[in-house]
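Visitor: Sharing the features that Swiss-Prot gives for it:
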type     : residues : note
TRANSMEM : 1-21     : transmembrane segment
TRANSMEM : 34-54    : transmembrane segment
TRANSMEM : 61-80    : transmembrane segment
TRANSMEM : 84-106   : transmembrane segment
TRANSMEM : 118-138  : transmembrane segment
TRANSMEM : 156-178  : transmembrane segment
């Protein structure tokens, strides 16, 4: 069920990050060198999850692996125990909660009309669902972390804190963000561009679907304008 995927991506996945924040508060901040293996694993895991996204042909699997890669950045940022890292991790959890839930919602909108989640079979949706294409574009731009969204602010805070802690981390961080941009654009172009393969009649998008997307993206945009509410 799509509701389960949306709640899982938006709330349950972030509870792990919240748990790590609570545990880290009980540990001494001077011992961050002890956590180097965990930070390395988190960044390497984020990069591997992003590489897995590039191999996916299933739309829902791609979005799920995308959530895993973002949580790798969150874990790395929390583990170094700096104010910037903690603020960036909290902001990214909130921003990606909205974004990944919106992506799952859009994937279901596509699935209800095409009855498939294979990327190559869902192409050309721009021709039959033009309004949904706008939502796809906005959500993918937020997933890539383009300014001035909260995703950009949070990833910038995480990159700054990790780079200040150890400049070498910029290699895995930069690679991870480059791959994120690649698979997000690939997902958008695979589903929207090209000729449509659908021969049957397709119903247009409903008002409830537009309302659902607006309830995801408008709060995220409003928080992006005033990030000090959560940072």
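Note: Cβ is positioned from N, Cα and C throughout, glycine not excepted.
Since this is a predicted model, take the numbers as computed values, not measurements.
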Visitor: Need a quick answer: max count of Cβ pairs under 8 Å to the transmembrane segment (1-21), which of 34-54, 61-80, 84-106, 156-178 is it?
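Guide: The stretch with the most close Cβ contacts to the transmembrane segment (1-21) is 84-106.
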Visitor: If we skip the immediate neighbours and take only residues 6+ beyond the ends of the transmembrane segment (118-138), which ones have a Cβ under 8 Å from one of its Cβ atoms?
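Guide: Long-range Cβ neighbours of the transmembrane segment (118-138): 56-59, 62, 102, 106, 109-110, 187-188, 190-198, 202, 204-205, 209-210, 213, 217.
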